[in-house]
Amino acid sequence: MRRGLLQQVRRVVIKVGSRVLTVEGGGLDYDAISRLCDEMAGLRQQGIEVILVSSGAVAAGRDALRSADTTLTIPQKQAAAAVGQPLLMQAYQQACTRHGLVTAQILLTAEDLANRNRFLNARTTLEALLTAGALPVINENDSVAVAEIKFGDNDNLSALVTSLAEADLLLILTDIEGLYSANPASDPDAELIPLVRSITREIERMAGGSGSNVGTGGMATKVTAAKKAARFGVPTILAPGKQPGVITAAVSGQEIGTLFLPATDGLNRRKHWIAYTLRPAGKVLVDAGAQKALVEKGTSLLPSGITGVEGRFERGRCVRICGPDGTEIARGLADYSSSEIQLIAGHKSAEIEQLLGYRYGDDVVHRDNLVLMTHS
């Protein structure tokens, strides 16, 4: 199955975690970086374009600053990232030079991709770099990003970059073999799961929520990233980054790590951007009838089915649409502001102009701007 699925891969996003890139003491593992660059250069020689999403800046900076703190404050992390990012890029460039590869640094915040124009500009830049034969190395701009504009972790960032770059495969390299049925560190009966056809609640339970003091992501964030990529129609492989030949083996379809299959109901580019790149500014609460119409019939959200609104937001912002029990069922771009929705909630569309004195349309969220999240 793997070879058949991956034989058409021509562009891959590779995410490398901090534990893969650092030695036990916390500094950069230059041998590991050199090996990974050798393998990425090998893909380039096969005509496969590579985009690298790399962690490790904070860890490199902390080591350079000789910080003994296991837990850093946000300002300390930002300072460590500022010191570590050029060290990380220098390591990649030195390792790529012997292959004639030029590396290109791209630092992003969630705010960059939430703005549609900047999202498209970032895509254009990526295309230009790949056309020129460069290796884009992407990281979150930790030195300036605060909670409101952070991706959260590079696993999430790698899934968004997969959509941004319209890649054919997401390869996440971590410090364990793949997804296990239980935590292999504490359960001797834990078994490696080689194939995940669909990311169910049971799969999410297996992923747990563990992380480390080196990176910010645990297995749960990797499964979430695989889910986001799957809805874009892209498979994800979770594989052991310290294993020599891992990139070559994974991309060529060998049995390594865990393969997450793409979803059968993949989203188009714009809807994927709405669902996973935009940060919801509020909630719109709906009744059971509206929920059924959205989920079963794929309709737009009308004011008559709205029971309430939470948060303050302007027209055009992304909102969560939640059912009677509070569960998120969809996300979409609101055609009315929160204050306007409060006034028209529960009323028929024909009454909007009478209530507001104007109307933008019959829908609060049009179906073209609405994405069901029931599979997410």
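Using N, Cα and C of the backbone, Cβ positions are placed for all residues, glycine too.
Quantities reported herein were computed from a predicted structural model and do not represent experimental measurements.
According to DSSP, Lys15 (ATP binding site) sits within a strand segment. According to Swiss-Prot, the ATP binding site annotation covers Lys15, Thr174, Asp175, Thr216, Gly217, Gly218, Met219, Ala220, Thr221, Lys222, on the basis of sequence analysis.
Taken from Swiss-Prot, the feature substrate binding site applies to Ser55, Asp142, Asn154. Long-range Cβ neighbours of Asp142 (substrate binding site) (same chain, at least 6 residues apart, Cβ-Cβ under 8 Å): Ala57, Val58, Lys77, Gln78, Ala81, Gln85.
Annotation comment: Swiss-Prot describes 281-359 as domain 'PUA'. Within the model, the domain 'PUA' (281-359) shows a mean pLDDT value of 97, rounded to a whole number.
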What three-state secondary structure does DSSP assign to Met219 (ATP binding site)?
helix
Within its own chain, what residues at least 6 apart in sequence put their Cβ under 8 Å from the Cβ of Asp175 (ATP binding site), listed in sequence order?
Gly17, Arg19, Val20, Pro240, Gly241, Lys242
Look up Asp142 (substrate binding site) in the DSSP assignment and report helix, strand or coil.
coil
Consider the binding-site residues Lys15, Met219, Thr221 and say which one has the Cα lying nearest the Cα of Ser55 (substrate binding site).
Lys15
